[in-house]
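> Can you read through this structure? Questions will come right after.
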Amino acid sequence: MGNLSLDIRDTSSLPTEDSHCQGFLRRNTELIMGRCQDINSQSLHKVLSGAILSLKELGLTLEREGSLRAPPTSGAPPPASGASHPSGHLAYSQFDHGDVQNGIPASAAPVQRPPASQPFLPGSAPTPVSQISTFQQYGPPPASVQQLRNHMAGMTIGGTAASAPPPAGLGYGVGPSSYPPTTGAPRPPAMPGPPLPGQTVAGPPSSQPNHISSPPPPSTMAGLHPGPPMSGLHGPPPPTHPPQPGYQMQQNGSFGQMRGPPPNYGGAYPGAPNYGSPPGPPPPPKRLDPDSIPSPIQVIEDDRNNRGSEPFVTGVRGQVPPLVTTNFLVKDQGNASPRYIRCTSYNIPCTSDMAKQSQVPLAAVIKPLAALPPEETVPYLVDHGESGPVRCNRCKAYMCPFMQFIEGGRRFQCCFCSCVTEVPPHYFQHLDHTGKRVDFYDRPELSLGSYEFLATVDYCKNNKFPSPPAFIFMIDVSYNAVKSGLVRLICEELKSLLDYLPREGNMEESAIRVGFVTYNKVLHFYNVKSSLAQPQMMVVSDVADMFVPLLDGFLVNVNESRTVIASLLDQIPEMFADTRETETVFAPVIQAGLEALKAAECAGKLFIFHTSLPIAEAPGKLKNRDDRKLINTDKEKTLFQPQTSFYNNLAKDCVAQGCCVDLFLFPNQYLDVATLGVVPYQTGGSIYKYAYFQLETDQYRFLNDLRRDVQKEVGFDAVMRVRTSTGIRATDFFGAFYMSNTTDVEMAGLDCDKTITVEFKHDDKLSEDSGALLQCALLYTSCAGQRRLRIHNLSLNCCTQLADLYRNCETDTLINYLAKYAYRGVLSSPVKTVRDALINQCAQILACYRKNCASPSSAGQLILPECMKLLPVYLNCVLKSDVLQPGPEVTTDDRAYVRQLVTSMDVAETNVFFYPRLLPLTKADVDSDSLPAAIRNSEERLSKGDIYLLENGLNIFVWVGVNVQQGLIQNLFGVSSFSQISNALSTLPVLENPFSKKVRAIVDMLQGQRSRYMKLIIVKQEDKLEMLFKHFLVEDKSLSGGASYVDFLCHMHKEIRQLLS
């Protein structure tokens, strides 16, 4: 195997005169780029002799099949050692989609994704590239082996000194005095996550990203209020430490507490040992070069260049698809498209022992109703008449391309359980000379990976075909909702939006019926029957025993009742204009919608618009239990749990009826998202959150979300089951759904954005010859009331060699699974335990690779599998997310909201949510349709003379440097100077010049790729909002204690070495 080897030597014990550069674990960098082929550990000692090997603490080796790449050198050069890098205090990243262009750090050769064990692209083997070798020495080597051991032992990254509570406060200064510690429980000692010394934390920003809600900004920042959380999530920050005197923020290697005195604390420890270096004038210390460690931007760009031009043909078993960030076309030839199913590995271990040894989770992220690009064909609908789909007699798997026809086509052998089943007479067909049916290409279920069957009455509730579903709009008309202008806005929008309800392909109008309810402490139902001249209101004040006061006239056809509905929507804002009622109920609102759907004998969706904690006397009444003192205690998990079981029982009733709930929240204070979100979550619905809703800045985003939510494809009353071939089985499920048994995933509604993540475990041995098969079957009711089965099939390879497993993994899917696993873990375990478990599992994955698959090399080298070289940087982003490591400005509701949001995300969404996309707008070519090349998420990549855009799926930040040319500012913002740019803009001004048009086109393109409308936030350099922006520069240290990428890589290396020793 060829290695690209990077040795990083530590000079932490050498004295230095720059007091600002004293950090825990000073790093000196030395690149040794050379081919090390077939070198055993003895000859390695000879080749890398003397100081280089003896001082080696961390080397980086990317293992690949036959090709090498020099470290990328993209972006701005790293700042001089000791440059301060405070990074912002929120961390999220959201979705990356197809046609995104990312930056290309110059490199010697593009990295190919290694071919799967059954390659599908001819000539895709990467070619070796010779590297330049440079060897330098920094100081003499230790005199003996024992001295070398002492030297290694001295380079601890992490330790166990007592830690203090996280700092809080506002400001930019570096130094201990500016940040008084927050009150509350101190952090527990010994954090294996990466807490970092020298961090500062800013107070609440005046504008918030989509899911963050701090108090509203002061009047000077008019109009810039934290908006509703759209789809923004944070990367996990690790635990915080108060700043220490005498060193700046951006140090390396500061993970965990310190064991004993760290080397080189500028005089604080006069007798710091010299660790094997005789005294003498040291060379100036260097920082580990960020360009020499794996770059997400480079990997994304390489995959785009190598795999974006050819269609991905699904005919071959176990192919690893292109990355989610690559724009590619899929041709279904027997396996489901990666748009429907992505796996953590496409070559799975043959035995459970091998799976346990590797610790690589075997999981699939399934998006059964995913939307396809226009150039791809939606699944064909197959109608087998009254007999229904052909299935295996024993395991009930559906007919698929992997079934084996025998005895001249009269029987077939099941590919899942090997049972032999008679072919029904109507389905019989002869076989050709290869054993294939002669109608193979005429039948989607024999030749394609994804297709649909029309379900028979046997697949319907009570053996009756379903009625078309209904939508019920339920509007909070309490004082806050009316005063903010929200009620009037909703009513105005619904007048036109009702013409865009979802409908089947060729239908002229939607079959969906609609109904309307308003509520505060009581509920108001409306009769909008087409024969009425005016709508009629009926009030139900007995909320303890909810019933629907009318049947006829509540759910109506939009076209038939158009004038009555329009009259009602005109009257609602006037009726409640003078209300003084501030209290609301919540559970009775859901009960009312559920009863209405029961009475109409149909499934459907409730759209609930709600503003405050439901404290009025009623079932499901809640109290304010927000308590930030619980953070970092064993009781922190209660913040994520519902405060009553009432809503779990209500959710169960909703699922049984096919009643899905979508919840739009407009809070001005705590409203307990963890509890209110239970019913939307378990029914397969969505939550949207717009904190401190302001009409002028937030209406556009809310209306875009509402329009898309009402119009998108959705299946009702859905049940999903995943079948597997003998040897593995589905054991665990993550997502927004309800399960009443161990196999069936039940959802009152499932839309085109929702994913279900499934984990598999071995229950027997697998064979390399036959591989492994998955079949996902989704039974659902379409928006026209048609009962259907959607089937997705996928075949995977099986391996007896660990190297084959590691060669066919997909890191983006792995991170999606690990984030969901961790976010569920916080419901039952302390957050610290969850973080430690994540770090430990990833260290075990990489240690197993190092031990079993890598060429022999020095213990001082960190060796990463080619397919997993981004695992450390992405894992660090998850650890720094607000759910696992909140900054002081992140509210309990924000964390609960993000936790639920991430649980249903697909792989593209978690990719950009945890590692946001950062584009230099000033480098955009105004004459081209392409995006500017992306750059890495670090402050040192930003230039004061440029404008940048950062997106994470929930928010779009536009950062403007202080030295940007006046002409660019005029062209983009329509003002003449930097100081005149307004932070209050929620959209960019429409100006007639090429730069303005290009930037707005980029924003529109990004908005179109995301499932939620992203909030636009303008950030001026050195403005107080900049701290918020820096929270998303995820390669830097975060102010809530999260490690920088460089530091975390060092920490992972230490963990791996401990496991190996």
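A Cβ is built for glycine as well, from the same backbone N, Cα and C atoms used for every other residue.
As annotated in TrEMBL:
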| type | residues | note |
| --- | --- | --- |
| REGION | 67-145 | region 'Disordered' |
| COMPBIAS | 127-137 | compositional bias 'Polar residues' |
| REGION | 168-306 | region 'Disordered' |
| COMPBIAS | 186-197 | compositional bias 'Pro residues' |
| COMPBIAS | 235-245 | compositional bias 'Pro residues' |
| COMPBIAS | 265-275 | compositional bias 'Low complexity' |
| COMPBIAS | 276-285 | compositional bias 'Pro residues' |
| DOMAIN | 389-427 | domain 'Zinc finger Sec23/Sec24-type' |
| DOMAIN | 466-710 | domain 'Sec23/Sec24 trunk' |
| DOMAIN | 715-798 | domain 'Sec23/Sec24 beta-sandwich' |
| DOMAIN | 811-910 | domain 'Sec23/Sec24 helical' |
| DOMAIN | 931-1002 | domain 'Gelsolin-like' |
> If contact means at least 3 Cβ pairs within less than 8 Å, sequence distance 6 or more, would you call the domain 'Sec23/Sec24 helical' (811-910) and the domain 'Zinc finger Sec23/Sec24-type' (389-427) in contact?
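They are not in contact.
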> So, by DSSP, how many helix, strand and coil residues make up the domain 'Zinc finger Sec23/Sec24-type' (389-427)?
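Taking each residue of the domain 'Zinc finger Sec23/Sec24-type' (389-427) in turn, the totals are 6 helix, 11 strand, 22 coil.
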> Average pLDDT across the domain 'Sec23/Sec24 trunk' (466-710)?
96
> Tally the residues of the domain 'Gelsolin-like' (931-1002) by DSSP class, grouping H, G and I as helix, E and B as strand, and everything else as coil.
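DSSP classes over the domain 'Gelsolin-like' (931-1002) add up to 23 helix, 12 strand, 37 coil.
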> Using DSSP, break the domain 'Sec23/Sec24 beta-sandwich' (715-798) down into helix, strand and coil residues and give each count.
0 helix, 54 strand, 30 coil
> Summarise the domain 'Sec23/Sec24 helical' (811-910) as counts of helix, strand and coil residues per DSSP.
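Each residue of the domain 'Sec23/Sec24 helical' (811-910) counted once, the result is 65 helix, 5 strand, 30 coil.
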